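Asker: A single structure is presented below for examination.
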Amino acid sequence: MAGNTFGQLFTVTTFGESHGAGLGCIIDGCPPGLELSEADIQFDLDRRKPGTSRHVTQRRETDQVEILSGVFKGKTTGTPIALLIRNTDQRSKDYGNIAQSFRPGHADYTYWHKYGTRDYRGGGRSSARETAARVAAGAVAKKWLKEKFGTEITAYVTQVGEKEIRFEGCEHISQNPFFAANHSQIAELENYMDSVRKSLDSVGAKLHIEAANVPVGLGEPVFDRLDAEIAYAMMGINAVKGVEIGAGFDSVTQRGSEHGDELTPQGFLSNHSGGILGGISTGQDICVNIAIKPTSSIATPRRSIDINGNPIELATHGRHDPCVGLRAAPIAEAMLALVLIDHALRHRAQNADVAVDTPDIARSDK
């Protein structure tokens, strides 16, 4: 089955290609009565869109969203919500040299073997341009989660290439082109990215994503554990090569006496679990880290083959991100929001009447 739909109760089906007429999504299962306007969605799209600094692709897209259905008199109706984003700045001539060849590190080779055809213009369906539709859907999910639970989802870049970025405060994230929670290192990062671009190469990135004010109880053991679904969602983002929940791989070097989050009447004493135990949310902040590989489209010539298997040397021309991770924060936020709203609706469907006497201690440590 084609893998274009995400979620079980809050489902999102995306469509479109990088150089097609446009892209978008159909959201089904959104609860009725949510106040929703195009401006609610546009905010996150503007954070993701290309051409916002010299450190990202210079493709100029306004990414203006249109709500085609599912909203009446400013509120969702409970029927499918159709969102459309038109492409306006395609430059397909940049990709003529790869029509009969495969770019190293890209999906060209695998799409060709799977489908027997491919849209080589900007990567077609495999392009990160598709994530604009996910960000649009995620904006709807984020608004519902915030109104229902007060949930706030924040992502920021913690490393670019070999440059680790110190955390100085979330107020800095929107003030620089790196989505960095930092002020003092921005000039250093600017110079570093300029050098990467001039070298005709690219670098990867690491991001941290947090969700605060998540209710306790979300997650469906054993196969639809909340952490498993978050990892699935994050790995579905283009170029993501690694996911950590909570302490992640650092758990290997921790002792059990340190890693296990102790409980007190006043709250948890730590959050090595990343807000999830047994696949179910604890009510603490959900903490996720993702690793993003270097952009595969670079102007440095590399070895490859053509569709007949002949050896070639290929350099990728066009407008590309020297670090695709710099625009990934809104995408990661959106995917986490889509997981949380889907599980919130699933929990409500089965367990809305469940009540226990034990206090929600994660709320008491806020």
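Cβ atoms here come from the backbone N, Cα and C positions, even for glycine.
Annotation comment: Swiss-Prot describes Arg48, Arg54 as NADP(+) binding site. As annotated by Swiss-Prot, FMN binding site applies to Arg125, Ser126, Ser127, Asn238, Ala239, Gly278, Lys293, Pro294, Thr295, Ser296, Ser297, Arg319, with the evidence given as sequence analysis.
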Asker: At the level of the C-alpha atoms, what whole-angstrom distance separates Ser127 (FMN binding site) and Arg48 (NADP(+) binding site)?
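Answerer: Spelling it out, the Cα of Ser127 (FMN binding site) and the Cα of Arg48 (NADP(+) binding site) are 14 Å apart.
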Asker: Tally every other Cβ atom lying within 10 Å of the Cβ atom of Ala239 (FMN binding site).
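Answerer: 20, counting other Cβ atoms within 10 Å of Ala239 (FMN binding site).
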Asker: Kindly assign Arg48 (NADP(+) binding site) to one of the three DSSP-derived states: helix, strand or coil.
Answerer: helix
Asker: So how many other Cβ atoms are close to Ser127 (FMN binding site), meaning within 10 Å of its Cβ?
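Answerer: Around the Cβ of Ser127 (FMN binding site), 20 other Cβ atoms lie within 10 Å.
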Asker: Let me know the most crowded of the binding-site residues, choosing from Arg48, Arg125, Lys293 and counting other Cβ atoms within 10 Å.
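Answerer: By the 10 Å Cβ neighbour count, Arg48 comes out on top.
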Asker: State the Cα to Cα distance, in Å, between Thr295 (FMN binding site) and Arg48 (NADP(+) binding site), rounded to an integer.
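Answerer: Pair distance, Cα basis, whole Å: 16 Å.
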